[in-house]
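Novice: Swiss-Prot lists 6-222 with the feature domain 'ABC transporter'. What Swiss-Prot records for G38, P39, N40, G41, A42, G43, K44, T45 is ATP binding site, and it gives sequence analysis as the kind of evidence.
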Amino acid sequence: MQKPIIEFRNVSKKFGNKLPINNVSFTVKKNNITTLIGPNGAGKTTIVRLMLGLEKPTSGEIIIDPKLKIGYVPQKFGLTPDLPITVKNFLELLAPSNFNNNIKEINSFIDLEHIKDQEISKLSGGQFQKVVLACSIVNNPDLIILDEPLQSLDVTSQQEFYQLINLIRKKLNITVFMISHDLFTVIKNSDQVICLNGHICCSGIPNEITPNSEFSNALSALGFYTHHHDHKH
């Protein structure tokens, strides 16, 4: 059995008197798409900061290979596409040393050629998310963390985004860890779903989210509407 690339073991984190996450355990498997969902204030940002080494756990253990290269796109970046700089120049700033080689490979499946000379501020939502993905992989990471990448995208753009993510992980052998509020899209496109509300309410593979299952009931209790998962689309 393959060793997970990240493992949280009974992790808790306190900030003063606040305990945003309590006794959290989960694993992230190599080359999977793992999605973390939960309401506002559930501790999702704290999980990401712990993954990135920006915070240390108050108790518990986080097992992560120190050589693991992580590409991270924060939520705020995804919501502020107003930079007065071209796509090509922006990517070059992120990875100047190996830019030419990497951008050719990225271009082969993300297809930035027709927008590379456009200013970021002029891009559509779908085009901007392509740039977000390119930013996350331009330095050849083993794992990419995407914080709410589907916000402000229509259904068609969301599906195109997931198609790109699948292509990227297969071509580059990259693991994907995502935070999302869009449960229905998550269920269709993730290998593993983790539901967080300060602690792990439920986790598993999408086909375990069946009506009246423990997983489905936990999601419903947090306000996630799961019934429409039964319908054929």
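Each Cβ is built from the backbone N, Cα and C atoms, and glycine gets one as well.
Could you place the listed features in the three-dimensional structure?
Specialist: In the predicted model, residues of the domain 'ABC transporter' (6-222) average a pLDDT of 82.
There are 22 other CB atoms within 10 A of the CB of G38 (ATP binding site), with all protein chains counted.
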Novice: Neighbour count first, Cβ atoms within 10 Å, every protein chain included; then name which of P39, G41, G43 tops the list of binding-site residues.
Specialist: G43
Novice: If the ATP site is taken as the center of the Cβ atoms of G38, P39, N40, G41, A42, G43, K44, T45, which further residues of that chain fall within 8 Å of it by their Cβ?
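Specialist: Not counting the recorded site residues, we get P20, L196, N197, G198.
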Novice: Under 8 Å Cβ-Cβ from K44 (ATP binding site), six or more apart in the same chain: what's there?
Specialist: L36, G38, I179, L196
Novice: Since the record lists N40, T45 as binding-site residues, which of them has the fewest other Cβ atoms within 10 Å of its Cβ?
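Specialist: Each of the binding-site residues N40, T45 was scored by Cβ atoms within 10 Å; lowest is N40.
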Novice: Can you give me the same-chain residues 6 or more apart in sequence from A42 (ATP binding site) with a CB-CB distance under 8 Å?
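Specialist: The list for A42 (ATP binding site) reads L196, N197, G198, given in order along the sequence.
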Novice: Could you say whether, by DSSP, N40 (ATP binding site) belongs to a helix, a strand or a coil region?
Specialist: coil
